[in-house]
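J.: Would you mind keeping the following structure in view while I ask a few things?
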Amino acid sequence: MDRPTTYPMDQPAGFRDAQGRHGGVVLPARPEPIALDPATTFLIVVDVQNAYASPGGYLDRAGFDVSGTGPVIARIARAVAAARAAGIPVLWFQNGWDPAYVEAGGPGSPNWHKSNALKTMRRNPEANTQLLAKGSWDYALVDALTPEPGDIVMGKPRYSGFYNTPLDSTLRARGVTTLVFTGIATNVCVESTLRDGFHREYFGIVLADATHQAGPESLHRAALANIETFFGWVSDVAAFESALGVPSRAPAGADLAG
């Protein structure tokens, strides 16, 4: 019986081909560096919608603090620019449902009971058709981030981007092995999608300073700890830019801690 292939512990993590070769870009990360090939990598921007990032959006109306999203959006823009410069495709997710909320599920769905957007609308019927409804301001991406021709924009009806979407087939058709995550919320849709990717054999990397949590900042830290311990790797935007050989677009004196 053939023994499984093993690699020296001082080599970076990451996908290797049949000859044991890893991607040529090595990204500093926790718990160890990870190698990637831009040709088999996607940048995933999760749910940077008015609902999750803007005053007056769903999270704000449901009582969550969105005051810290501005700097995160700026760092997401840097990650997107770096990916484009390196030839890495960008995929934008938008979470939400049809205006009649059929896609959200009725009382027979746990989503009906757990979705804070749906609960907020039940408490405030005047918000019906406003929160996370396709075509609404709430559903739209924030003005500061704009998909470009060649990007992929994909809707999703649940926290994980793999659930009831063509994400997996889209990635496999392109030979993708590695997913770099940014977006909102670290502890909900980002972590859910990265976890599902792990179970489908994708290498998942989250750029910590280009994500924002729903809830207290401790949930952001806990999600990152969970990811780096069990499901993936944690890096930051400056390291991503540097590894790709892309000039940093950080403003002078910016705090790049992740």
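Cβ coordinates come from backbone N, Cα and C, glycine included.
Per Swiss-Prot, region 'Disordered' is recorded for 1-23. Taken from Swiss-Prot, the feature active site, proton acceptor applies to ASP47, supported by sequence analysis. Here Swiss-Prot flags LYS156 as active site. Swiss-Prot lists CYS189 with the feature active site, nucleophile, giving sequence analysis as the kind of evidence.
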J.: Please report how many Å separate the Cα atom of LYS156 (active site) from that of ASP47 (active site, proton acceptor), as a whole number.
T.: 9
J.: Do any residues at least six apart in sequence from CYS189 (active site, nucleophile), in the same chain, have a Cβ closer than 8 Å to its Cβ, and if so which, in order?
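T.: Sequence-distant Cβ neighbours: VAL46, ASP47, PHE93, ASN95, LYS156, TYR159, SER160, GLY161, GLY183.
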J.: Counting every protein chain present, what is the number of Cβ atoms, excluding its own, within 10 Å of the Cβ of LYS156 (active site)?
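T.: Excluding its own Cβ, the number within 10 Å is 23.
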